[in-house]
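Student: Handing you a structure now.
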């Protein structure tokens with residue numbers, strides 16, 4: 001009887017169907033699990049790509065971002081903002097991997113979806129610079145500075161490109177540049193508003209963690225508008241020759257927007273006109289902190305130094321100016337006058 005109930009290996013025959021059942025269930029689960037892994041949402045894929053980028057796995061990040069792009073391109077209009085970010089992120093991965101051509105292409109796509117995106121402009125500028133397309137890089141860096149003149153990467157990039165183009169093309173290098181797009185005021189205002197919101201969020205998070213913040217909030221769109229209005233009033237007064245009233249208007253403008261380079265250089269001109277030379281130097285210093293290659297700031301500071309008989313500082317400013325713009329006739333003439341004396 002025992003021989004009839006057991007198989008050759010000694011296992012009861014009634015367990016065989018049970019083994020087969022569990023084995024089939026195991027195979028079924030193996031087929032289902034990969035399908036479950038493939039159903040990750042695009043947001044999860046994007047986050048995974050971000051994590052890979054942070055850990056230096058740029059090739060894997062490109063792969064994950066490409067999957068996200070494939071999904072979002074099916075609903076391009078609905079997800080245009082998200083798609084612009086993912087293209088920009090993939091561009092950053094390509095840039096880190098040294099694939100500058102792919103980086104530029106992705107930045108083009110990102111900027112088509114989200115014009116004047118600062119990160120995409122900076123990444124494309126860096127890619128152009130890496131392949132020695134200095135004119136295109138200069139245009140992108142200068143475009144960023146129109147949006148926010150405090151972006152250090154754009155300031156430094158502009159100076160590097162100015163030097164490289166001067167060496168390559170000579171004094172007339174500006175004439176060979178592609179057109180620099182004019183950034184609408186609405187874009188600047190939107191960027192300022194977003195920056196202010198980001199700063200507030202950062203301060204709130206820091207306060208929750210007991211960290212003291214000393215940074216001032218970013219400018220609001222209202223501040224930019226008021227600053228621009230006061231500046232235009234100052235410009236109108238300068239045309240009339242009323243420099244002291246113009247100084248007051250520029251001062252009011254800077255109270256609302258202390259990041260506008262031309263307001264400092266305009267007020268410096270007024271200070272020169274009313275013989276307040278030290279104040280003119282101070283305004284030029286502030287302008288040059290924002291844009292170290294600013295021609296007007298260097299020239300007007302040189303004029304102020306000349307009036308105060310600071311000859312060494314005067315010559316240094318003119319020499320710095322001529323490095324940026326070697327054929328500046330006003331600077332050359334002023335320098336020659338001092339050298340003759």
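Using N, Cα and C of the backbone, Cβ positions are placed for all residues, glycine too.
TrEMBL annotations: computationally assigned, not manually curated.
What TrEMBL records for this protein is below:
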- 12-28: transmembrane segment (TRANSMEM)
- 221-300: domain 'Serine/threonine-protein kinase BSK1-like TPR repeats' (DOMAIN)
- 227-260: repeat 'TPR' (REPEAT)
- 261-294: repeat 'TPR' (REPEAT)
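For each feature listed, report its degree of burial, its nearest neighbours and the pertinent distances within the displayed model.
Tutor: Shown for the repeat 'TPR' (227-260): DSSP residue counts in helix, strand and coil, namely 27 helix, 0 strand, 7 coil.
Secondary structure by DSSP for the repeat 'TPR' (261-294): 27 helix, 0 strand, 7 coil.
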Student: What residues in the same chain, six or more past the boundaries of the repeat 'TPR' (261-294), come closer than 8 Å to it by Cβ-Cβ distance?
Tutor: 145, 149-150, 155, 158-159, 162, 227, 231, 234-235, 238, 243-244, 246-247, 250-251, 253-254, 300-301, 303-305, 307-308, 324
